[in-house]
Amino acid sequence: MEAEPPPENRHDDHHPSTSGGGLGYFHLRLLCPAAPLLLLLRSDRLYSLSLSRRRGPRLRLLASPRRRHGRRRRALLLSTSGCALRLTHRSSSADAVRVNGRPLLRGGCPADLAVGDEVSLLRRGTRYGFLVEKFVSCERPKLAAAEPCGEVLVLRAESLRKRLRAISESHDPLSFLRDSHCVENGSDDVRVKKAREEDVFLPLNLNAPIDPVAVEGLLREDCNLGQGKLEHCTDSAIAKNETDELIQRSKGSCDGNTEQKEYSNENTEQQHNENEGCYSDGSTFFLNRLIGIGSDMRVEQRSGVTLPQLLHPMDSLERVFIATFTSDVPQNLPVTIACHNKERCWSASRESRTAAPFGSYPNLLLVYPQFPEEIAFGKDRKKQGVACHHPKLLVLQRKDSMRVIVTSANLVPRQWHLITNTVWWQDFPCRTSTDYSALFSKVEESKSDFATQLVSFIAFLINEVPSQSYWINEIAKYNFEGAAGYLIASVPGIYARNPHYLESNYCLSRKQILHTKSAHRMFLGSVQTSVVGLSHRFHIPSDAGSKLKALSVLLSKCHVNMHGTTEVILKRNTNIPADANAVSVLVADLDKFTEEDSVHLGFLPREVAKWVSPLSDLGFFTFSGFIYPREALEAAYGATNTKVQLLLYVSKGPEFSQISRLIQDEHFPLLCSLVASLKRSLGLWRLEEVLSHFKWPETLETDFFYSASSIGTSINPQFIASFASAAGKRCNQDLDSEESDPEWGCWTANHELKKPSINLLFPTIDRVKNGACGIQLSRHLLSLPERTWQRLRSTGIFRDAIPHPYERIGHPMHVKVAQRRFESRLGRHSFGWTYCGSHNFSPAAWGQQLPPPKANPTEARAISSGPRLHICNYELGIILIIPPSAMSKQISGRRHEINDIVLPFVVPPPQYKLGDRPATSLAMREAMAEARILQSNDLVLDLSQDTDEDIPDEDDEHVIELSDCSPEEKEEEKIYAETLWEQVDSSQSQGKDQAGQ
């Protein structure tokens, strides 16, 4: 459809006029592979974007909107009339143009763009794009007479008041006026939104990305960016230097090592700083560098780091692993991206685990980690459930080092340019030889089990993608012993506490049942699995109960340890054609063991046996098993349909020390499956595992707070008490107790109701409304249900989240930071711990502690009776510990203070004032309606679909309901076991016949 021309009474014969008054410039940052070029579009012009096969993307100024029909039809138009940036397109492809990842409808209807929006364009199989970076006003706009003043005037007055205060408090007011724009942008943003509501839109056409060809002429002639025009602009220095930068790049002379005479000294230093990369010893975290923060904030690394700095130098990268999503990756670099997709993550099909959708990125693979069926509604993955892939992890592999980055930012431009996020990273050196033992270390054995946690988390994500299992081997090549922090991971599932080490007498062997006593020093961990096939074996009518009687007699003779389990025999079945890796589970009297007197209970599941058998055959690991005898007997009698649990203990095998020499590429998937299956403490229990190694003096606590962009729906005193207890909080009467029981003096819900333990930081609705980008940007970041606020309102635990340092006020925060701080009695030093990462404050992220399974009083079951933890999300964070002075020497040779960690918000956080209200979802909807930012219900629904920020993960009130029952044996497991039983019986019959002959 041809776009209609703009109404002629809105424009003169030369160019569109500025409706609504005010001259300014839209800054568009090109997201092209070569370099992030900048274009400045004047606010009273009409531009065309087109493509040339020889020249690439091009930007043209249209002298008159009516003259565009006399030339070739254009696929994309950008209008800046009325200080509003609008675009349309008439491409035949429905997916040709995307705004913030969502397709733009065809038909010539214009789409308004706001600061922070990203537009991507598809042309001949390649995507280009640009980011609306900011709008700079060059003269003070005059409000039209017909424009209602109301709230717009209030917001404008508040913005000017804040700006005057900032100027008066600045050490160098002239530099502040020249370089700062944060507060003014807030008023400009309101002005732009208001102009959109009042103005008649310009019909446009859109299809192609932008080209730097002839940019110099465009900037100097078409946009009239002469020095005279910029002398009265507050941001003139920025506009001038960015213009010079763009001109130099368009000439092909902009190089990271080339000095640009047109740059000012500060911008030369900034460019030099960008290209030099960044360094961190891991003892603290940093913030991302926001666009438009003053020059005094740009050079210092503590003021913020950029993604290019973190990736520098790009040419030395060998591989990249990313646990989120990005489209800005080098084309030929091997990149693995683990990301969220609701349909794929819940799918049972292995084909849904991966995708390679980009022909121009041949080495880019998308991985969709599976959500376990046990947390689905009704334990049916077709019904899906509450789950989210939410970590933000980058692993950058180079020949001599591996950089691990843990951040709160998704890899989309908006979150790195406009929103405050935390960034932690540390570089780890390459080893002289690969060390696999480091992948199985424990937190109590060394300063940090960083390598174990990192490889375990990555293994969880790629376990069903064998082609990516080489990452396990790559991580073993680097030395993580100097890690300054402890990784805290969450993985979806329902977990019991890690079992205690148990001494075993038998282990799996390929040729024969091997009697060998285990040693604790060889123990690596345990795997929670099950025994399949009991229903088929013991429910045969012709059996007349003889096998049940034999099983009952043997189980009564078996030694049951203090944890209620008994050891079983694991035996290879190499003569079964259906599965050469099949492993039988035998019950026998181990004091007088003979295989003839044993009872064949069942088999290991196929998915477990496929890696247990070959790893055992190679001699890398040894495996032994334990079951709950009464649970097995109940299943054999048919009293229950639930799985029979089997605890698989893993120890070092005779060839463990030779793994690096003997391992082959085909063994990587086996090792990855083992690492992913080993039980690790996760969520709240991982937090408790790390912090329980330190004694925190309750009477010296000064602060305990948590700042998050999302607070869960089901937050209640029980969850808050669970978190506080995991963090080391103890009740006062037990402060000096030497009781060794870890449950002694734990913080409970009753303690929490009497005296709240923690403060929650969340911005007020007034703070959000006064933000630089208005409320629109925050509504996709912040999540606090109104009912949660009303439930916790009377506790007084909420505090205002005020960004720090001052220059970040007005920018939304997407941080997830917790800190518990202590101060010595004389005030000489401070200590404690700080968390940063992806965990929001919710049971979905940290896990909901569930009570032990309810026992039937008439049929008591000897199963694991401890509490369970239900986790919904994949999450990852880092915890930095400054131990008490008595423990500081064993942890680090130098003395750190917790005050050395600069937090992204004001501390101590102020209490809500009378009448303050947090920016709940309801409060933001009401504020948007009052400000008339949205014009119709259709637009409201449309914007609510914009999920380039965090995916909602807080619908977690079904957790307890979902987790009341134990998992049952799957149909495919029954079929597998029945096939094995048939072949085992057939083999035994043939053996008897041959013996009889």
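All residue numbers here begin at 1 and follow the chain in the order shown.
Any Cβ shown, glycine's included, is placed from N, Cα and C.
In TrEMBL, annotation is done automatically, which means it is predicted and not curated.
What TrEMBL records for HIS390 is active site, nucleophile. Within 10 Å of the C-beta of HIS390 (active site, nucleophile) we count 26 further C-beta atoms, all protein chains included.
For HIS814, the entry in TrEMBL reads active site, proton donor/acceptor.
Residues or ranges marked as substrate binding site in TrEMBL: LYS392, LYS816. Within the same chain, the residues at least 6 positions away from LYS816 (substrate binding site) whose Cβ sits under 8 Å from its Cβ are SER408, THR422, SER707, ALA708, SER709, TYR835, CYS836, GLY837, SER838, HIS839, ASN840, PHE841, GLY877, listed in sequence order.
TrEMBL lists 947-958 with the feature compositional bias 'Acidic residues'.
Secondary structure from DSSP puts SER842 (site 'Interaction with DNA') in coil. The site 'Interaction with DNA' annotation in TrEMBL covers SER842.
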Spatially closest candidate among HIS390, LYS392, HIS814, the listed recorded positions, to SER842 (site 'Interaction with DNA') (Cα to Cα): HIS390
Protein Cβ atoms within 10 Å of SER842 (site 'Interaction with DNA'), excluding its own: 26
C-beta crowding around HIS814 (active site, proton donor/acceptor), within 10 angstroms: 28
Cβ atoms near LYS392 (substrate binding site) (within 10 Å, other residues, all chains): 27
